């Protein structure tokens, strides 16, 4: 019942235990309780609590504090913080107790002597290098609660942390001239870092405009009323003993550009326009020049007129000028941030500075032919502008109209070959020069010339010689002169002189009686010796004489044979199979020699065509084959003697078959082929060999090598037990020769060898007339199954072994001993 009520309220009628929980009570009220026992007979008397009980939670000591953390460590102090316990035990916390234990000791010692309610404490007076662990307990009215969990062991030493840097600015910053800007950020580090500001690698110093402010955690560089010189790469360095951090910012202080650089140059001046140029500003204001503004002003007026305001070039054409007026030009540079002050030119009058070139001097005419002439002149004054072309004109002397000789430009040469003249006509020529202003006056006309080839005396005839003679005549022959003097050769004059005389006699009186390059001089005296000479004649006269090299004795002659070999009779003549072989030579001799062709001292093949003329002989074989090669000889013979020449003819063909093809080292999957080079390489170097194989059961040959230069080949990848044939052919640049085949097939099996010796031979039993032997199989069977073991014995001291018998197994009993 409630203490201030008299009525009892039942709580439970079915409690059989010796305790009960009363629910539904009101906190803060006072209650009395009573309890009675009951059995089958009935309920006994009640027992009542002696005093009232006030309903409230029980008070206990607090729980352990939470989140004990080390906030700072130095060589002689440690700073700790913690949070209150989750439950204060039902009563307010009255104080905290902080304890420490030196690592290596067993007991914790109280750190705080005074009463402490703060949840942060710095333990001071510690010894550098010592290591402690800490715990904290909470106290309430009941008493001291459980201690918190211990910290990790903490060693007393100065705390080190590398610098950190957090910047508020980006890599690039653009600022207008006159504006302020600042570079700010935050930093940290232990020990406290040093902060340094650099601009273009030079330390920034404070002045009226530049302010640097640094706190333990923030940094700032501020610049008031920025100028162009503040442009640069700024760097802030935060550094302590553990390292450094850097931050960069490219600051560009921009402004309108400075004026263009003068003076203004007048590149071209004309009566109605000018071309001016200038140099870009020294300072573009930190931004690319986007435009130049050009204006002009007549010096008699105060008004500036626009020329253009849209050009980035440093040159400009100023149009629409009045001839004779003086003008000034002014030029502004412009960028994104404004227009510069102007650059103003000197005064310049609008008038033509330049004129057309002067007239050249009278031209000279050279190298006249029947249809052309070369005109040569000197360069005149160019009128102030470079000459770009010369104009050459012609006219017939009696005509009045001048005609250009070509429409193509003539420059820079000061001579020109005029084509297409009419033979026999008389011409004059003149020249004009041209520049970009125009065409100048023409030169005075040249002296007149006739279009015709100049005729001079011809050069002497070439190589006169006596080609035949009798007892009263000599036959002469020569070749035409190298130069006919631009006139037709009318004929030749032949003269002779008896050796010892001084007078030359004419064999013919007029040149037209000898128009050919040969002549028979007759009426000579047998036995005498004569000299001969020949002159060529054209309309301009006679050439110098050409003399026959040696004096000639007049008599019937007998000359031994002479052979003049053609190029195809060189020491060695190569011809491709199927082509035509031609051998030829010029033959001389009086009387004309007998001609004989032979090959290797035998008659030449009937397929050879042999032709003999009065001056030489030719042998020709069509569709040559390799057998046509050999030593060919040409013999010429007359009563005065004989002469023989020979030439080696090589008919280039495919090579012959390789020789002596052998197969060795046969295995189950390979064999080794060797051969010798062909007896005949076809006249050309063997470039490679082609190796092929064939399963005897197949009709198809398979190539296994086609590029080897060696005379051997390892044929791999054979199938064990299969029979193979092999063949080899040689190749040169003219093709592949015939194959040579193996004489008989080979079978791809490993070779057989005798087996190795049996192992571990020993006796297992001995009787007076017999011995029981056993042994193990040999290490190698030689490539075939072992069929038996031959057992021999030898009497001690004897030389000979006696065969006992061959047994199939690994044991034997030797009897009869």
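Glycine residues also receive a Cβ, built from the backbone N, Cα and C atoms like all the rest.
Nobody curates TrEMBL annotations by hand; they come from automatic prediction.
With DSSP states grouped into helix (H, G, I), strand (E, B) and coil, the domain 'Fibronectin type-III' (1-58) comes out at 0 helix, 11 strand, 47 coil. According to TrEMBL, the domain 'Fibronectin type-III' annotation covers 1-58 (among others).
Per TrEMBL, the feature domain 'Fibronectin type-III' maps to 64-159 (among others). The DSSP breakdown of the domain 'Fibronectin type-III' (64-159) into helical (H, G, I), extended (E, B) and coil residues amounts to 0 helix, 48 strand, 48 coil.
Sequence annotations record features per position, and here TrEMBL assigns domain 'Ig-like' to 163-252 (among others). Each residue in the domain 'Ig-like' (163-252) has a pLDDT score, and their mean in this model is 91.
What TrEMBL records for 259-353 (among others) is domain 'Fibronectin type-III'.
The feature domain 'Fibronectin type-III' is assigned by TrEMBL to 359-454 (among others).
Per TrEMBL, region 'Disordered' is recorded for 455-481. Helix first, then strand, then coil: DSSP counts for the region 'Disordered' (455-481) stand at 0 helix, 14 strand, 13 coil.
For 460-557 (among others), the entry in TrEMBL reads domain 'Fibronectin type-III'.
Per TrEMBL, domain 'Ig-like' is recorded for 561-646 (among others).
Residues or ranges marked as domain 'Fibronectin type-III' by TrEMBL: 657-751 (among others). With helix defined as DSSP H, G or I and strand as E or B, the domain 'Fibronectin type-III' (657-751) counts 0 helix, 47 strand, 48 coil.
The domain 'Fibronectin type-III' annotation in TrEMBL covers 757-817 (among others).
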Residue counts (helix, strand, coil, in that order) that DSSP gives for the domain 'Ig-like' (163-252):
3 helix, 58 strand, 29 coil
Based on DSSP, tally up the residues of the domain 'Fibronectin type-III' (757-817) by helix, strand and coil.
0 helix, 29 strand, 32 coil
Per DSSP, what is the residue count of the domain 'Fibronectin type-III' (359-454) in each of helix, strand and coil?
0 helix, 34 strand, 62 coil
Can you see whether the domain 'Ig-like' (163-252) and the domain 'Fibronectin type-III' (1-58) are touching - at least 3 CB pairs under 8 angstroms, only pairs 6 or more apart in sequence?
no
I'd like the per-state residue tally for the domain 'Fibronectin type-III' (259-353) from DSSP, helix first, then strand, then coil.
0 helix, 50 strand, 45 coil
